[in-house]
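> Structure incoming, see below.
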Amino acid sequence: MRQTLIAGNWKMYKTPSEARRWFHDLIAAKPEGQAEAALMVAYPLLPGAREVLEGHGVSWGAQDVSAHLEGAYTGEVSVKMLADLACRYTVVGHSERRSYHGESDALVAEKIRRLLEYDITPILCVGEPLEVREAGNHVSYTLKQLEGSLAGIAPQSADRLVVAYEPVWAIGTGKTATPADAQAMHKEIRTWLAGRFDLGFANQVRILYGGSVKPENAAALFGQPDIDGGLVGGASLKLDDYVALLNTVG
Ligand code: PEP
């Protein structure tokens, strides 16, 4: 059984003090349901996340990591720093990193390698832009990204990898893939993982959908057999919406 994961991606929103208050409110409002809650926040918010959320059944993590272990890399944040802050997850290869910072699949693979060395589970984002979807090449495009981002990577176990399928045209746009379209891609991804690793591994890896998930469309998406939760931007910033997403899973 794969436990549904509702991973919030806060992007560059909320200050450390706003976040701290929000974390306290979440603990008060969080349901006892079956979904796992995790919040991917900006680096300065991580110490507060640890302080407030530890022991309350909510995980936290970063939205990126340096491929370097340490050194003269001004502005970067290392995996050792994230491990010291007890991050359970970290997002890598988000389309905003790929497009605004030119991150390649090879760089994403380096970052994944670092995270696994420090027992932090990568949430690997893949997904096609609009023109690729319109040309009908979304499956090959996404699987190629997956292949490049996992080149030479062998996670110790299936709980050491989360894949997030995020069609770029659905991120922050209000447009969502239909549950059937999302399911079709998730199935392709799981089949690819079975070939690259093995069937048992593929059946245990969680594959999240991301792209304008909100309480109104979550049940239909999360009800698909290969959709194991969401990587959620906008809706994860609002407490009521995030709690409603957690409540979607019985
Ligand atoms: C994201 O940030 O990964 C995302 C999917 O954002 P949104 O839910 O706002 O589309």
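Even glycines carry a Cβ here, placed using N, Cα and C.
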> Pick the one from Ser149, Ser157, Ser212 that TrEMBL also lists for the substrate site with Asn9, Trp10, Lys11, Gly172, Gly233, Gly234.
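TrEMBL lists Asn9, Trp10, Lys11, Gly172, Gly233, Gly234 binding substrate, and from Ser149, Ser157, Ser212 it also lists Ser212.
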> Quick check on the recorded positions: of Lys11, Glu166, Ser212, Gly233, whose CB has the lowest count of neighbouring CB atoms inside 10 Å?
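Output over recorded positions Lys11, Glu166, Ser212, Gly233: least Cβ neighbours within 10 Å is Lys11.
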> Name the residues of the same chain, 6+ apart in sequence, whose Cβ is under 8 Å from the Cβ of His94 (active site, electrophile)?
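Correct list: Asn9, Gln63, Asp64, Cys125, Glu166.
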> When neighbour density is defined as the number of other C-beta atoms within 10 angstroms of a residue's C-beta, which of the binding-site residues Asn9, Gly172, Gly234 has the lowest density?
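Each of the binding-site residues Asn9, Gly172, Gly234 was scored by Cβ atoms within 10 Å; lowest is Gly172.
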> Over all shown protein chains, what is the count of other CB atoms within 10 A of the CB belonging to Trp10 (substrate binding site)?
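Here the count is 19.
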> Taking 8 Å from the centroid of the Cβ atoms of Asn9, Trp10, Lys11, Gly172, Ser212, Gly233, Gly234 as the cut-off, which other residues in that chain fall inside it around the substrate site?
Ile171, Val232, Ala235, Ser236, Leu237
